[in-house]
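Features reported for this protein in Swiss-Prot:
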type	residues	note
DISULFID	CYS3-CYS20	disulfide bond
DISULFID	CYS14-CYS41	disulfide bond
DISULFID	CYS26-CYS30	disulfide bond
DISULFID	CYS45-CYS56	disulfide bond
DISULFID	CYS57-CYS62	disulfide bond
Amino acid sequence: IRCFITPDVTSQACPDGHVCYTKMWCDNFCGMRGKRVDLGCAATCPTVKPGVDIKCCSTDNCNPFPTRKRS
């Protein structure tokens with residue numbers, strides 16, 4: 001499987017059986033910049049703390065960097 005990996009947001013090969021993930025959360029600059037985003041791959045979908053959004057998927061490049069809605 002190929003997943004996008006931060007910080008470069010490049011597509012990289014991950015080991016067989018891994019899943020891609022997109023993790024998003026707010027930091028002190030959330031109001032100005034939007035949520036922080038972490039892209040990667042893991043053996044299983046990571047467990048996250050409250051307030052952190054995680055999406056996992058298992059097809060090539062299924063975790064692109066989310067686009068921010070313009071108002």
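Glycine too: its Cβ is placed from the backbone N, Cα and C atoms.
Features recorded in Swiss-Prot, as mapped to the structure shown.
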residue : record         : DSSP class
CYS3    : disulfide bond : strand
CYS14   : disulfide bond : coil
CYS20   : disulfide bond : strand
CYS26   : disulfide bond : coil
CYS41   : disulfide bond : strand
CYS56   : disulfide bond : strand
CYS62   : disulfide bond : coil
**Message:** Cβ neighbours within 10 Å, counted over all protein chains: which one of the disulfide-bonded residues CYS3, CYS30, CYS62 has the most?
**Reply:** CYS3
**Asked** Cα-Cα separation of CYS41 (disulfide bond) and CYS56 (disulfide bond), in Å?
**Response** 9
**Length of the line joining the Cα atoms of CYS3 (disulfide bond) and CYS30 (disulfide bond), in Å** = 25
**Asked** Hey, of CYS14, CYS20, CYS26, CYS30, CYS45, which of those disulfide-bonded residues are within 10 Å of CYS57 (disulfide bond), Cα to Cα?
**Response** CYS20, CYS45
**Request:** Within 10 Å of the Cβ of CYS57 (disulfide bond), how many other Cβ atoms can you find? Include all protein chains, please.
**Result:** 15
**Request:** Check the Cα distances from CYS20 (disulfide bond) to each of the disulfide-bonded residues CYS14, CYS26, CYS30, CYS62 and keep only the ones within 10 Å.
**Result:** CYS14, CYS62
**Message:** For CYS62 (disulfide bond), which of the listed disulfide-bonded residues (CYS14, CYS26, CYS30, CYS45) have their CA atom within 10 A of its CA?
**Reply:** none
**Asked** Expressed to the nearest Å, what is the distance separating CYS14 (disulfide bond) and CYS45 (disulfide bond) at their Cα atoms?
**Response** 14
**Prompt:** Which of the listed disulfide-bonded residues (CYS14, CYS41, CYS45) has the least company, meaning the fewest other Cβ atoms within 10 Å of its Cβ?
**Reply:** CYS45
